[in-house]
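J.: Below: one structure in structure tokens.
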């Protein structure tokens, strides 16, 4: 029995193809019971790899069944046929995904970015409170409803965190996701804290929201990792970002996992909190204070305001004190992550080169 006939028997009228891979595809469908369109993910067990069938698919099904949050794509039904096909009926993101939205309309104004980022962060807090981690946060996995609200989707790499006998979360060893959104510890191929990994990806997403470009160029992973570990972040001056917004991004893109923000600290950050009240404010831990030493706020380096004749735009660069080059032992390990910046069609920002011992000059990029 073909997919259309299977869905018809379950009360769905199959529509157009929304996406397709080697062993899974997503179709739109009209639900005769719900009286609106849905998305149906169809997975063919006969074509899927063993690792996916034994580990990732059971995790995804278990987690989808337990999640219920206004900013997470709803799962209406999961069923399987005798010929080995799994059907996951989900809420449809009628306005597409955030990446296409930004590619079409450009970077978001801070107020719009604040609203969407608060919705996303609230969804991540909900997951983390359940000890669920996503591990593949990226703009393509953030769908938009009819009112352009964020809906977190694609829990294919998600998992429930395990705890040891003392109650501490155990480290993850599966290196997954997209390189452009991956934290330094993941790129190095070492066991990592999955909740902390999610926070780094949130920082990349917020940067893309307000800048319309990638914070790092993943065409050279080794170079990108070095820049990340030096805690260098560039911001386009033309966007006129507030210091509070830059500060939040800078703290999320912290290479030191012991100093990277927690989700409660993000939701209580001064950029998110003042104007986020009323937007799922119950998810915000207003009284939560960090027990860690406070990191100094972001401050730009002094730089020239001159622009080049080729209409290149100065960049404000954030960078700490110079550090020694990494030792051979710190070189990046090979990990199974995909390059992202070329595929998504967004430019990436790179810091400018400076002479040794000289103060950094403003980076430039095409306007």
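Heads up, the Cβ atoms here are built off N, Cα and C, so glycines get one too.
Source: prediction; values computed, not measured.
Swiss-Prot feature annotations, pasted as is:
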- 136: active site, proton acceptor (ACT_SITE)
- 18, 19, 20, 21, 22, 23, 24, 25, 26, 41: ATP binding site (BINDING)
- 303-326: compositional bias 'Basic and acidic residues' (COMPBIAS)
- 12-272: domain 'Protein kinase' (DOMAIN)
- 174: phosphothreonine (MOD_RES)
- 282-367: region 'Disordered' (REGION)
J.: Which one of these binding-site residues has the most other Cβ atoms within 10 Å of its own Cβ: 18, 24, 26?
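T.: That would be 24, with the most Cβ atoms nearby.
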J.: Looking only at 20, 136, which of these recorded positions has the biggest number of Cβ atoms within 10 Å around its Cβ?
T.: 136
J.: Measure the Cβ-based neighbour count of residue 22 (ATP binding site), defined as the other Cβ atoms within 10 Å of its Cβ.
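T.: A count of 9.
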J.: Compare all C-alpha positions of 18, 19, 20, 21, 22, 23, 24, 25, 26, 41, the record's ATP binders, and send over the largest distance in angstrom.
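T.: Output for ATP binders 18, 19, 20, 21, 22, 23, 24, 25, 26, 41: max Cα distance 14 Å.
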J.: Helix, strand or coil by DSSP: which one applies to residue 174 (phosphothreonine)?
T.: coil
J.: Looking only at Cβ atoms, how many others are within 10 Å of the one on the residue listed as 'phosphothreonine'?
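T.: Excluding its own Cβ, the residue listed as 'phosphothreonine' sees 17 Cβ atoms within 10 Å.
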J.: Note the mean pLDDT of the domain 'Protein kinase' (12-272), expressed as a whole number.
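T.: A mean pLDDT of 96 is what the model gives the domain 'Protein kinase' (12-272).
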J.: About how far apart, in whole Å, are the alpha carbons (Cα) of residue 136 (active site, proton acceptor) and residue 22 (ATP binding site)?
T.: 19
J.: Rounded to the nearest Å, what's the C-alpha distance separating residue 24 (ATP binding site) and residue 174 (phosphothreonine)? Just drop the number here, would you?
T.: 21
J.: What is the separation, in Å, between the Cα atoms of residue 18 (ATP binding site) and the residue listed as 'phosphothreonine'?
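T.: Here the two Cα atoms are 28 Å apart.
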J.: Between residue 26 (ATP binding site) and the residue listed as 'phosphothreonine', what is the CA-CA distance rounded to a whole number of Å?
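T.: Cα-Cα, rounded: 25 Å.
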